[in-house]
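Visitor: Starting off with a structure, shown below.
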Amino acid sequence: MGGIMLMIGGTIGAVLYGVFASRWDVRRVQAVFAVGSGVMFIVFINATAWLPAALVAGVLLGMIINGCISGIYTIAPMTYAPRLRYTAAGLIVALAAVVVLRISLHQRTASELRAEALAVRD
């Protein structure tokens with residue numbers, strides 16, 4: 001169910017990015033979505049203890065992350081020469097995946113440490 005919610009949120013996020021980018025500068029919209037994705041990633045990791053909160057956070061995370069991906073594919077053609085566009089966009093997406101993985105591993109470690117500290121207190 002969580003994966004479906006993430007995908008539904010992703011679809012909505014891509015559409016929202018398009019709506020916002022048609023009204024405002026695409027790079028500014030991308031910056032807002034990027035900061036929002038960082039915040040929502042942390043919220044999602046911390047919301048996993050309670051299923052309803054995790055589902056809502058998953059939908060919002062999917063929205064913002066897919067909005068970021070839409071932004072990458074919107075900005076790349078305006079930034080890079082035609083023969084470099086797909087390579088540049090692919091490298092940007094790969095770099096983003098590495099950053100998200102790094103944040104995920106760090107947050108998991110922090111969550112485990114927090115759980116151990118609470119267990120010691122009890």
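Just so it is clear, glycine is given a Cβ too, placed from its N, Cα and C backbone atoms.
Below, the features straight out of TrEMBL:
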- 31-51: transmembrane segment (TRANSMEM)
- 58-80: transmembrane segment (TRANSMEM)
- 86-105: transmembrane segment (TRANSMEM)
Visitor: May I ask for the residues of the chain that lie six or more residues beyond the transmembrane segment (86-105) and have a Cβ under 8 Å from a Cβ within it?
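Guide: For the transmembrane segment (86-105), the sequence-distant neighbours (Cβ-Cβ under 8 Å, at least 6 residues beyond its ends) are 38, 41-42, 45, 68-69, 72-73, 76, 79-80.
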Visitor: Any residues 6+ beyond the ends of the transmembrane segment (58-80) with a Cβ under 8 Å from its own?
Guide: 2, 5-14, 16-18, 21, 26-27, 29-30, 33-34, 36-37, 40-41, 43-44, 86, 88-89, 92-93, 96
